[in-house]
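Okay, so here's the structure we're looking at.
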């Protein structure tokens, strides 16, 4: 019999199909949803502010009467629209960019925040360096408010809030500045103007336990021979001086607020850039 031959069996293993396993995502979900969640709030806030501004314009019939746009920079409704639009755009780019992992929107978000931070730093620096120029601009704006006090309800409400609630003041340098308004001018020719040689009610001092504001408290207070002590009825300090004193009293609070706002903006820029880096790194592995 032939010798038994040891035969080596070769077992060929069929190669398994080539598969590419995607590594788990390295994009930080925490960072992603922090950016998304915080900017959802900005998105909603910006939309609300913008709608309020547009509604205020429509109530004043500004869209049908473009002649009202002569003092657009001093129009509170326009300021609301501008601030609301900017806030809406920031919230939209940050929110959608983070949720959809869109690097272009995240880049736009970071650029807008950087430009806004640069503008704030520039304004803050110029405000300290050119104090006299800022004061002159504030004086010019307040003069426009006084002249058009009865023409624009938004400006009227704003100046009443400044004089009565915020600074407790009257006029630019004093009550006499209300002579610039046709209704309060001592030689007013406005038909039926009972306010001649007076001041708005917002110049009046609050009385103890006053519940209903007397809208006529400022009548005749600037007329010669007025029988009462004017200083006990109205504020005699001008709003420019009152504003300077308010800034001096609250300088530390304003500085802290500016630092906090700047820190939040820098944090937003860093978060957006870090998320973009993670997205690009993950896309590089997929390719």
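Placement of Cβ uses the backbone N, Cα and C atoms for every residue, glycine included.
Under the heading transmembrane segment, TrEMBL lists 33-57 (among others).
The feature transmembrane segment is assigned by TrEMBL to 77-99 (among others).
As annotated by TrEMBL, transmembrane segment applies to 106-130 (among others).
Using a 10 Å Cβ-Cβ cutoff, residue 197 (disulfide bond) registers 20 neighbours. The feature disulfide bond is assigned by TrEMBL to 169-197 (among others).
For 170-186 (among others), the entry in TrEMBL reads disulfide bond. Counting every protein chain shown, 28 other Cβ atoms lie within 10 Å of the Cβ of residue 170 (disulfide bond).
Look at TrEMBL and you will find 251-272 (among others) tagged as transmembrane segment.
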For the transmembrane segment (251-272): best-contacting stretch of 33-57, 77-99, 106-130, by Cβ pairs under 8 Å: 106-130
Those residues of the chain, 6+ apart, with a Cβ under 8 Å from that of residue 169 (disulfide bond): 162, 163, 203, 235, 237, 238, 239, 241, 242, 243
Local Cβ density at residue 186 (disulfide bond) - other Cβ atoms counted within 10 Å: 14
